[in-house]
Amino acid sequence: MNRPESIYDILLAPLTLSLILGGMGVVLLNNIIYSALSLGLVLICISLFYIILNADFVAVAQILIYIGAVNILILFAVMLMNNPKYPNYAPPWTVGDSITSIVCTSLFCSLITIILNISWFGISLTQKSDQMLERDLTNNIQRIGAHLSTDFFLPFELISIILLVALIGAITIARREETV
């Protein structure tokens, strides 16, 4: 489904701002739980970008896989391994922090310079008729579904079993350390 150009203009700025703020929250928040939740916000914003780009299946896959599985797994791991026995002392500023901030600032400045020097007026959105776009998406989605349910069924199930065993192992290790 093609959306009018004005919707892109209305949604792009707030979505970009929330993506940047969520990314800063991942890096700058001291509480690791809040940092993982900010990562979930970033992943939701990325999936909304996919929806704006008419890649609905990729957006749904992004939500299911990254937000539904990976981010929840990160939250479980952090909550299980967050052990209050160990002191949470860290020096306020180290040499590594200085080097990292210099590298990140230089990368940020170079990216801003590259973005400002690109001629964005030559880039335009390609438009197809609704019928052609709908037929292409249906064929791609049907092909992906057929591959997942036939060719990649066994690897998909094995990965889910491996993740389940890893989660049960993390719970077992966390319970053992609580009793010790």
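Backbone N, Cα and C define each Cβ position, glycine as well.
Any TrEMBL annotation is an automated prediction that lacks curation.
Keep in mind the model is a prediction, meaning the values are calculated, not measured.
Here is what TrEMBL says about this protein:
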type     : residues : note
TRANSMEM : 7-26     : transmembrane segment
TRANSMEM : 32-53    : transmembrane segment
TRANSMEM : 60-79    : transmembrane segment
TRANSMEM : 99-123   : transmembrane segment
TRANSMEM : 152-174  : transmembrane segment
Handout entry: Non-local residues, at least 6 beyond the ends, that sit with Cβ under 8 Å of the transmembrane segment (152-174)
Key = 69, 73, 76-77, 80-81
Exercise for the section: Mind checking which residues of the chain, 6+ beyond the ends of the transmembrane segment (7-26), have their Cβ under 8 Å from one of its Cβ atoms? Expected result: 34-35, 38-39, 41-42, 45-46, 48-49, 52, 125
